[in-house]
């Protein structure tokens, strides 16, 4: 297949970088300061950098395997051909689970932040009702068409970028070194709480389903696609670093215990920041940014789940077919949001558990199988077998950490 390299039609590098960075960065970032408060800033940065390294290379392994197939071949097609039907079923279930659990997480998050937003306007709207109403609005947009989602997402993303720079420019100006370095706790321990941060870090670097899409965008041009993955993931790492600086440099470490006890949802974190900074304008910026962050993540995840289910069950693109898909997409997580409105942190953790399969374990197995069959003539991830082993250990290790944490077998900062 010819590489798409003509200057007239070749898309810009920036487009691919934004696709990767925009996919990664979402409302899940609000979970990071809460779950990382035990390990605190420097240990948490070590966990984020290690996870970034592993998740970047697992994405490159998908690219390596994908380059041996025609442009347009999906993750599903490649997995079935290289690993067999069994692994393909496991991979498909893990993808569906992640998309469902993230949809629930964003319903929970939207309910909490909208409740907080209405409270700022002296209106008492329960979090359950707010989350339900927002889910109905998103469901309607997704049901209308993919174009409607695209237009809405473009508006929300633009607003999110503007409010992000306004908000974090102000927050960084308020960072207290004594708070960031946790001077108040002279004998504090951090390392014991490091392991439990890993599944949340993994869930914060998910973009792997976009690798086949980049091949449609750029053709079989591994050099450009590699740059997209590197720069896009680095952009996310940089923004996460700024976010941790902004939160851990303003909220004292012990206060995160109370935030976690209240469920760790977005509204609680925003209230804590507002209380510390005592700035009405900054509080308003935080609330606006939080709403846009949740909306953009919600739209992206639900569109992915909608398309996945439509393909899986063979629903057509008619109004009735899209209605069936919309019901299947939104009904289960909406019920979950009504029954368990404060499950944001738990949901992000479980998303990390399931993502270990399709974002770490399966990519490593794909690279190994691809090299055996094709010899990787077009592109090969550096590091050989040790790199494949590292990514496998990373994936399995993350799954074990989450299981141990679920049974309260890991230290918890409290």
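Each Cβ is built from the backbone N, Cα and C atoms, and glycine gets one as well.
In TrEMBL this protein carries:
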- 12-34: transmembrane segment (TRANSMEM)
- 40-65: transmembrane segment (TRANSMEM)
- 86-107: transmembrane segment (TRANSMEM)
- 127-145: transmembrane segment (TRANSMEM)
- 152-170: transmembrane segment (TRANSMEM)
- 190-207: transmembrane segment (TRANSMEM)
- 228-246: transmembrane segment (TRANSMEM)
- 284-309: transmembrane segment (TRANSMEM)
- 321-340: transmembrane segment (TRANSMEM)
- 346-367: transmembrane segment (TRANSMEM)
- 388-410: transmembrane segment (TRANSMEM)
Lying 6 or more residues past either end of the transmembrane segment (127-145) yet within Cβ distance under 8 Å of it, the residues of that chain are 107-108, 110-112, 114-115, 118, 152, 267, 295, 298-299, 302-303, 306, 322-323, 326, 329-330, 333-334, 337-338, 341-342
Long-range Cβ contacts under 8 Å made by the transmembrane segment (12-34), restricted to residues 6 or more beyond its ends, are 44, 102, 105-106, 109, 157, 200-201, 203-207, 210, 213-214, 217-218, 224-225, 227-229, 231-233, 235-236, 239-240, 243-244, 247-248, 251, 256, 259-260, 264, 266, 269, 290, 293-294, 296-298, 300-301, 344-345, 348, 351
Beyond a gap of at least 6 residues from its ends, the CB atoms lying under 8 Å from the transmembrane segment (190-207) belong to 20, 23-24, 28-29, 31-32, 35-36, 38-40, 42-44, 46-48, 50-52, 55-56, 59, 98, 229, 232-233, 236, 240, 348-349, 351-353, 355-356, 359-360, 397-398, 401-402, 404-405, 410-413
Long-range CB partners for the transmembrane segment (321-340) (under 8 A, at least six residues beyond its ends), listed in sequence order, are 100, 103-104, 107-108, 111, 128, 131-132, 135, 138-139, 142-143, 302, 305-306, 309-310, 313, 315
Long-range Cβ contacts under 8 Å made by the transmembrane segment (388-410), restricted to residues 6 or more beyond its ends, are 54, 57-58, 61, 195-196, 198-199, 202, 349-350, 352-353, 356-357, 359-361, 363-365, 367-368
Tertiary contacts of the transmembrane segment (40-65), defined by C-beta under 8 angstroms and 6+ residue spacing from its ends, are 32, 75, 78, 82, 180, 182, 188, 190-191, 193-194, 197-198, 201-202, 204-208, 211-212, 214-215, 222, 225-226, 229-230, 233-234, 236-237, 240-241, 244-245, 248, 253, 359-360, 363-364, 366-367, 369-371, 376, 379-381, 383, 387-388, 390-391, 394-395
Contact set of the transmembrane segment (86-107) with the rest of its chain, CB cutoff 8 A exclusive, min separation 6+ beyond the ends, reads 27-28, 75-76, 79-80, 131-132, 134-135, 206, 209, 294, 297-298, 301-302, 304-305, 308-309, 312, 329-330, 332-334, 336-337, 343-344, 347-348, 350-351, 354-355, 357-358, 362, 365
For the transmembrane segment (228-246), the distant same-chain contacts (Cβ-Cβ under 8 Å, at least six residues beyond its ends) come to 13, 16-21, 23-25, 29, 32-33, 36, 41, 44-45, 48-49, 52, 55-56, 59-60, 63, 164, 168, 171-172, 175, 180, 204-205, 207, 211, 214, 218
With the cut-off at Cβ under 8 Å and a gap of six or more residues from its ends, the chain residues touching the transmembrane segment (152-170) are 22, 141, 239, 242-243, 246, 279, 281-282, 285-286, 288-289, 292-293, 295-296, 299-300
